[in-house]
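Heads up: the structure comes next, in C-alpha cells.
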Amino acid sequence: QWIDGSRSSKTFKPKKNIPEGSHQYELLKHAEATLGSGNLRMAVMLPEGEDLNEWVAVNTVDFFNQINMLYGTITDFCTEESCPVMSAGPKYEYHWADGTNIKKPIKCSAPKYIDYLMTWVQDQLDDETLFPSKIGVPFPKNFMSVAKTILKRLFRVYAHIYHQHFDPVIQLQEEAHLNTSFKHFIFFVQEFNLVDRRELAPLQELIEKLTSKDR
C-alpha cells in the first residue's frame with residue numbers, strides 16, 4: 001500500500017468535499033495558502049470581511065478530513081484487543097452518547113467509539129440545515145454550539161492517537177503530519193475559544209510545547 005513513499009491515502013470515513021467554485025471552497029483555498037506562510041496564529045484568524053460561522057464551518061470540515069486520514073493510517077493498530085476502552089492515557093476515559101440514538105453514555109472500545117464519533121460528525125456535516133453549502137443560506141442560530149461539540153469530540157481522536165498509538169505513528173513517519181495537523185487545530189480552537197480548557201487536559205503538556213514557541 002505504498003505510493004510515492006507514503007501510504008495510499010486510506011481514510012477512515014469518506015472524505016467530505018467542499019464544492020469547487022463555491023465561496024467555502026475559496027475560503028478553504030485561502031486557509032491552505034495562509035497555512036503555507038508558516039505563521040499559524042495569523043493563518044487561523046478570521047479573514048477580513050468574512051463570516052465567522054462560515055470560517056468555522058470550512059475549518060471544521062477540514063479538521064474532520066485531516067483526522068479521518070490520520071486515524072485511517074493507524075486503524076490496524078487500534079483494535080478491540082489493543083483498545084478495549086476509549087482512552088487518552090490512564091486518567092481519561094470516554095463513554096459514547098450522541099443525545100439522539102444513544103442517550104445514556106455507553107462504555108465501548110476505542111475503534112467502536114471513534115466509528116460512532118466520526119459517523120456522527122459526518123451526519124452533522126452532511127446536514128444542509130446545519131452546514132449549508134449553498135450561497136445565501138444562513139447558518140442556524142445553534143451553529144456555534146454544534147461546531148463546538150464537533151471540535152470537542154474530534155479532539156478526543158487526536159488525544160487517543162497521541163496517547164495510545166504514537167509508536168505506530170512514528171514507524172509510519174506520520175509524526176510531523178500529526179503534529180502539524182494538531183497544532184493547526186489547537187491554534188484554531190484557541191483563536192475562537194471553541195473547546196473548553198478542561199476538555200484539552202489530556203494533551204495539556206503537548207499543547208504548551210506546541211504553542212509556547214509562537215507566543
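Using the three backbone atoms N, Cα and C, a Cβ is placed for every residue, glycine included.
Worth saying up front: this structure is predicted, and the values here are computed from it rather than measured.
These features come from TrEMBL:
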BINDING   C78, C83, H160, H165  Zn(2+) binding site
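On the structure: features taken from TrEMBL.
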residue : record              : Cβ neighbours (10 Å)
C78     : Zn(2+) binding site : 22
C83     : Zn(2+) binding site : 19
H160    : Zn(2+) binding site : 25
H165    : Zn(2+) binding site : 23
Within 8 Å of the centroid of the Cβ atoms of C78, C83, H160, H165, which other residues of that chain place their own Cβ, given that this set defines the recorded Zn(2+) site?
I74, F77, S82, A110, P111, I114, I161, Q164
